[in-house]
Each structure stands twice: as C-alpha cells, then as structure tokens.
Amino acid sequence: MAASIRPLLRRAIRSSHRNVGVAAAGVAGRSGCCRAPSTCRCFGDVAGDRSTHFGFETVPESEKAKKVYKVFENVAQKYDTMNDAMSLGIHRLWKDMLLHAMRPQPGVHLLDVAGGTGDIAFRFLEYVRAQRERQKRRAPSWRDISEDEDEVAPRESRAVVCDINKEMLRVGKRKADSAGISAGLSWVAGDAEELPFGDDLFDVYTIAFGIRNVTRIDQALQEALRVLKPGGRFMCLEFSKVTNPVLSRLYDEYSFKMIPVLGEVIAGDWKSYQYLVESIRKFPDQEEFKHMIEDAGFYCVKYHNFTGGVVALHSGFKL
C-alpha cells in the first residue's frame, strides 16, 4: 500500500510550485519550494585523480580526510570549550532550535553523523523523554481506554552517534557517562561517505557542523538518503553565508583575527581553527547547498537562517 502511494506523492510534489515557509521566533528564515529533485547525478572521477579544498589550501581528495581527521584528533579534548568560546555560547541555542524544528516523538530512531561529542544526541534523548512524560500526564481519552486491551509496549527511541574520529567519540562517551546517559544511545565509528548501516533504517538523519569537512558532500548526501526510511527527514545545521553586509564584515573580522587566537590560547592549536574559519568560507551558500540536497534525491528541501545567516538549518524528506 505504501509503495503504491509513494509515486502519487511524488507526482503531487512535482506539480506544486508554492513556497513552503516556516517562521522561527527570533531568527531570520528562508524556505525553498517543495520541488522534486533533479534527475542529474554528476559524479566525478576517482578521488585519486581529483583535488579539493582543505580550508584555502588545494589538496588531493585522497589527502583531505586524513588532514581533517588530524584536526579533530588535535582539538577533541577542548572541542566543547572552544565551541562556547567562539560562539559566546550561541551554538547551544542553534542546536536547541534544530531539536525544536525536528520535534521528535517517542519511538523515533535518530542517526547523528559527525556527532562525536554527543550534543545533538543528548538533546534528542532529553526531548523525547520529556515528550513521553507529557503523554503520561495527559488525561486518557475514550480512545485510549478502548485500546488498552490491545496496547503493546511503545518502541524505544534511539540515538546513534556516528563519527569517523575515534577521539571525538571517546570524548562524547565520557560526557555521556558523566551525565548518566546510556539508555537508547550508541556510538559507532563510521565515515559519512560510506555509512556502516543498512538501507531504510532511521527516521531522522542529522549532521551539525560536520558536512563541510566531508570530502565528497554529494556522496555523503546520497548515503543520508540511503539509510533513511521512506518519509524520513534529513537535517543539516551548518555555518553558511551571512546575509547582512555590515554583519558580514564584522563576522569576517572576528573570524580571521580572533578565532585562531582563541584556538591557540584555549586548545593550543592555531592551525586547526584557522582551517575551521577557512572551511566555512569554502562551503556552498544556502541556495547552492539546497540544490545539492535536492540533487541527492530529497524532496521539500528548505532552509532557515539563524543569526543573520551565520548558520543555516537545511532539511528535506525521503519519499
């Protein structure tokens, strides 16, 4: 039945050209239309024959993953401290807004890619726990009472944190142990471009501040599509292009002059945070990334700018 309905949904979406807007309090947002993905799939030659960027440096594709791995291995112990220092704590609000946009219900299975220190997974598990508690406190309806006899145990919510960097995973596991978080949580070492999971497994795929570090973004998006169930949602929180010219100049000044200094003072690593600043500038802007997500096969792709476009949240669905 579901298989027969899915083509009808796709045709309905293709015929729709209206914008889909979602307003978020306190953020400037922009949505794309709910359009069908392009049928074009443009993959290049093998990695060994191509070059890519590592910050502002041009490197062979085969070398980028090793360089990125070294960056995060170096900064893992101070990663969370540096996030607070660089963003003045605002990264916590951005991640909270991701969860409020997701609005996961109890029983949802989440895959958080490049989620090393666990920030998204911890928020997800707390959110669904609070949702379940609210449901328990709610007065039962006549339907709830009539269905008591057929009631089965609710599906457990699960969060799988997948990260290529084992040092980042170790830091995340320590945080979980310290906070007493274990139920419904697992940790997997894996590459976003070749995920170690079967097809159609997860309800939601998230990647926060990680996709710009991937060598082949198109391949990572195809993997996200593969592991999501039909109806599953892709959500990406990433640094983007600032929309206000005055804010953009101030942001550039702060980024290039202050963030590497903070990296040296707090983490003892200037170069890694110089790479971080440069990698943000090399990442596609909001519209270009939206089209990349659509080309990967996602539908109803839209985005919302946070803090004037410093960060954007992109989302789309697998049908």
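Sequential numbering from 1, following the chain as shown.
Even glycines carry a Cβ here, placed using N, Cα and C.
The feature S-adenosyl-L-methionine binding site is assigned by TrEMBL to T117, D163, D191, A192.
Neighbour density at the Cβ, taken as the number of other Cβ atoms within 10 Å, is lowest among the binding-site residues D163, D191 for D191.
Long-range neighbours of A192 (S-adenosyl-L-methionine binding site) (same chain, six or more residues apart, CB within less than 8 Å of its CB): V113, A114, C162, I164, I207, G210, I211, V214, A220, E223. Listed in sequence order, A76, Y79, D80, M168, V171, G172, K175 are the same-chain residues at least 6 apart in sequence whose CB falls under 8 Å from the CB of T117 (S-adenosyl-L-methionine binding site).
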